[in-house]
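Per Swiss-Prot, these features apply:
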type: BINDING; residues: 148, 151, 201, 204; note: Zn(2+) 1 binding site
type: BINDING; residues: 165, 168, 187, 190; note: Zn(2+) 2 binding site
type: DOMAIN; residues: 4-69; note: domain 'J'
type: REPEAT; residues: 148-155; note: repeat 'CXXCXGXG motif'
type: REPEAT; residues: 165-172; note: repeat 'CXXCXGXG motif'
type: REPEAT; residues: 187-194; note: repeat 'CXXCXGXG motif'
type: REPEAT; residues: 201-208; note: repeat 'CXXCXGXG motif'
type: ZN_FING; residues: 135-213; note: zinc finger
């Protein structure tokens, strides 16, 4: 029985190219013969999804299939060269390589003489909040792989040259039969290099690279946040056999601050003041990250938790001219270890206090009294 190509891929008839490609890749992973050895059913399904995708990925074939179904491909219905088999030039093998090649050996590195891009590196750096505020230039030392200066990266001893691998003809890839189609694999003779080194370099032992610690200057811009990533292009490991270098990624973390807490570009802090300052009014000074001392006026009758805003005293916004604000929360301290005279004065103050001095507490206890008296009636 003929299969429905859309059902085979599990997609709607309106599916676009991206949906088709995603569906094919997912099913190809599930039913690939390498993952299902000696499983005829998986091989059958794998062939069906390959047939379906080869037809639907081609706009002309898809249009014909949508209009005529499988009849479009029978008895030469679409003219010469329009069959849906998986013949020698291209066909399903090429589809599989383009979409799914990494399953066959870790990515497509072919037709490049074995050149390989160097690995990316990660470097973790911790900065203070003050450094995050102002920015800085940091010197770091990174252990990495660099091109061997003895052999200039060839891996071969001075005076000798690598020879082209005869198994893959220098491509680093070989074709292997896989049931009804063929796929490319990494050449087992040269391990994908495309070259054979008979007389390796004594310094790098044929690798073309040596490990060395490098010193780099890193610009940390003002306003960076915890988790900010900085990319230094080409500062990763050196490539293999003439390949490009990888990149270096600096991952930044900001140390917790003793005084300030941060939320985006805004800063928050708590400032303790005495009970008398809160009641009578006064002022205090706070040090800000720009290095200045800012005087804050406290009005009389200030309550615990009162918040003051200092505009433009927060953190700079990364790569922008904007600056956040500083929010100061008042924390009123209750006096401790009172002297006899201090206690006498507070007791006298308590006797002279009225509801107007503490309207919230007086109102609260009055309402509480009324509540419990109402329960007893």
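Cβ coordinates are placed from backbone N, Cα and C, and glycine is handled just like the others.
Values in this document were obtained by computation on a predicted structure and should not be read as measured data.
Reduced to three states, the DSSP call for residue 151 (Zn(2+) 1 binding site) is coil. DSSP places the residues of the repeat 'CXXCXGXG motif' (201-208) in helix, strand and coil in these numbers: 0 helix, 0 strand, 8 coil. If you measure from the Cα atom of residue 204 (Zn(2+) 1 binding site) to that of residue 165 (Zn(2+) 2 binding site), you get 20 Å.
For the pair formed by residue 151 (Zn(2+) 1 binding site) and residue 187 (Zn(2+) 2 binding site), distance between Cα atoms is given as 24 Å, rounded to the nearest Å. When DSSP labels each residue, the repeat 'CXXCXGXG motif' (187-194) comes out as 0 helix, 0 strand, 8 coil, counted as helix, strand and coil in that order. A separation of roughly 23 Å, to the nearest angstrom, links the Cα atoms of residue 168 (Zn(2+) 2 binding site) and residue 201 (Zn(2+) 1 binding site). Apart from the site residues 148, 151, 201, 204, the chain places the Cβ of 149, 150, 152, 153, 154, 155, 156, 200, 202, 203, 205, 206, 207, 208, 209, 210 no farther than 8 Å from the centroid of the site's Cβ atoms, the recorded Zn(2+) 1 location. The two recorded residues residue 190 (Zn(2+) 2 binding site) and residue 201 (Zn(2+) 1 binding site) have their Cα atoms spaced 17 Å from each other. Around residue 201 (Zn(2+) 1 binding site), the C-beta neighbours below 8 angstroms that are at least 6 residues distant in the chain are 148, 150, 151, 154, 155, 156, 157, 158, 208.
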